[in-house]
Amino acid sequence: MSRLLALSLRRDPRVQKLPPYLSFLCVLVGLVWLLLLPLDDYARKTYISENALLPGQVHTYFSGSESHVLRAYRSELEVLASEEDQTRVNDKIEEILKGLGVKVGRQSYTYNAAGRAHNGENVYGILQAPRGDATEAIVLVAAIRGLNGQVNRNGVALALTLARYFKRWSLWSKDIIIVFPPDSETGTQAWVDAYHDAHDPRNVAPLPLKSGALQGALALDYPGVDRFSALQIIYDGVNGQLPNLDLVNSVGNIASGQMGITGFIQGMRHHKGTYKHRLTTIFRGMVKQSLGNSWGPHSSFMPYHVDAVTLQPYGKGFHDEMAMGRVIEGSFRSLNNLLEHLHQSFFFYLLMQRDRFVSIGTYLPSAMLLAANFSIMAIYLWVQSGQVDADAKKNAKKQTKAPATEVAAVTVERSLVLPVAIVAICHALSAVPLYVLNNTTAPLLPTAFAALAAISTAAPFVLSYAVLPVYKPTQQQILLMKSLSLLVLGMALSTLATLNFSLAFVIGVLTAPMSFVGLSKNESLRWASATLLTLLAPATVIYSAVAGAGLDMGHLLEQASFGWTVWGMYTPIVVWTIWWPAWTISMVSVLC
C-alpha cells in the first residue's frame, strides 16, 4: 500500500512542480539565517574554555624601567632599518641577541611568483626555558617591515626589549622564540615551513636551530612611535583558517581587563554593539576569509595547527610601549601555563564583536541550505529529463492507437554520453585559466585576465551556436547536462562549507540564480536569464569588486599568484574549477 502511495505521489503533477519552490525556499532561508545571527538569541558571549590559561590572573612586571632600553634599541635600529641593505639590520639584531646570551640562527629564502623574486633573510633567537626540556615553545614575531610596508620601529625594538626581559626570568617552562623576518608576507612563511620541515630546499634554507613543538604565536605590528588608544586583534588566516578562540579571548581579556586597552576586530574601532555594527563585523570577517589570503604574519602558523594572532596598536591615546609589552607578557605567561595544546574551544566561529560570537553549529546551516538548493534542482532536472522523452513516446503510441498497457509501460532511456562529455570538458578546461594566471609575469597579468574574461564570455555562445548544433543535442540532454553540473556544484559547496564557510556561502549566493534560469521556453525570459548570468560571471564579478573597492587589478592578480605560490591559497581553485564551469554550463543550457 505504501509503495503504491509513493508511486502515486511521484507521478502527481503537483508534487513534480514542487522542487523549484523548495529550492528557492532553501536559498531564502539560508540568506535570512545569516541575517539573524547578530541577534542576542543566536549569539553568545565569549568565554575561556581552557582553565589553565588564567588570562589576566598574574601580575606583570614589564614596566617603565625597560623603556630606556627600548628607546636605545630603537635608536640603534632607526638608521639601519631605513636602508635597503637587510644584512646590516640582521647583523645588528644578531649582535644584540648574542649579547643577551640568546642562541641565534639565520635563514635565507627566495620565492618566485608572477615572474618576480621575493628573497630575504630571517634572523631569530631561542630563549631556552629554565624549567623546561625544549619540547615546547612559544613564538613572538616582529617583522622589520609591517603590514603597511612601513618600518616596524616599535615592534622590533619592543621584541628585543622583551627578549632581554624574558631572559632574566626563571618561570618559563616553554622555550621562547623571537623571529625577525624582513617583511610580513614571505619571511614568516619561510621560517614556519622550515621549522616543520615542509619547505622546498631549492628555495628555502633549513633552520640551523630549532626547539620543541610550537604551542602558540603572537605577531607584533607596531610601526608608530606615538602612544596609542586601542589594540586591533587580527586573527583571520590563510584559506579562512582561524586560531583557537581561547587565544583570541585571552589576549582580548588581558588587554581590556588587565591593561584597560580597548580591543577591537575587523577594523571596527567604534563598535557600539548594535545590529548594524555586528552584521558589518560578520560581513568583514566573511569577506576576508572568503578571499583566503594572508592577513598578517600569524597566518603562516595556522596550516600547522599553531594558534596565532597579530596585535596592531591603533590611534593616538595614553597607552605606550610598556602597556603593549605587558599585554605580550601576560599572553606569554598564559600560554606558558598550558599543559597541552589548545583544543577545548572553537576553531570555527564568526566574531561579531570582540566579546560575542556564533559557533559553527549555528551558522553552518545557512551555507548548507544554499548547497542543498543545487542538489534539489539537480534531482528535479534529472526527473524532468526522463519525462521529456517519455511524453514524446506516449504521444506517439497514442497516435498509433496503442493499447493503454503499452503506453503505461514506456521505458525511458537517458542519453548520458554528450552531457557527461560536456561537463567533463568544461571542468578540464578550467585548468587553463588557473595555469595562465599563476604562471604569467606581473606586467602581463591584467592583459591575460582580460583575454580570459573575453574568451570565457564568448565560450557559451560558441558552444551553443557553433559546436553543439553539430551533435544536435535533445532537450533531454540539455537537462541532463545542467543536472550533472548542479549536482557537482552542490557537492563541492557542501564540502567546502565545512572547510571555509565564508567562501562557500559567497560562491553559493553568486551561483544561486543558476538553479532557476533556463527553465522557461519564453524567448524574452531566456535572454533575460542570459543577461543575468553574464552579470554574475566570475570575470564580471571580479572586475566589479575590484572597481568598487578602488583596487588595482594588476596588484590583485599578482597577490593572487603570490598567495597561490607562497601561502597555498586555494581560492583560485574554487573560482576557476567550481564556479566557472558551473556558470559556463548554465549559460549553454539557457542559450541552447
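Using the three backbone atoms N, Cα and C, a Cβ is placed for every residue, glycine included.
Note: TrEMBL annotation is automatic and uncurated.
The transmembrane segment annotation in TrEMBL covers 21-39, 363-383, 416-436, 448-471, 483-507, 527-550, 562-582.
Ranked by the number of CB pairs under 8 Å to the transmembrane segment (363-383), the listed stretches 21-39, 416-436, 483-507, 527-550 are led by 483-507. Of the candidate ranges 21-39, 416-436, 527-550, 562-582, 527-550 has the most C-beta pairs within less than 8 angstroms of the transmembrane segment (448-471). Spatially, the transmembrane segment (483-507) is not adjacent to the transmembrane segment (527-550); fewer than three Cβ-Cβ distances between them are under 8 Å for residues at least 6 apart in sequence.
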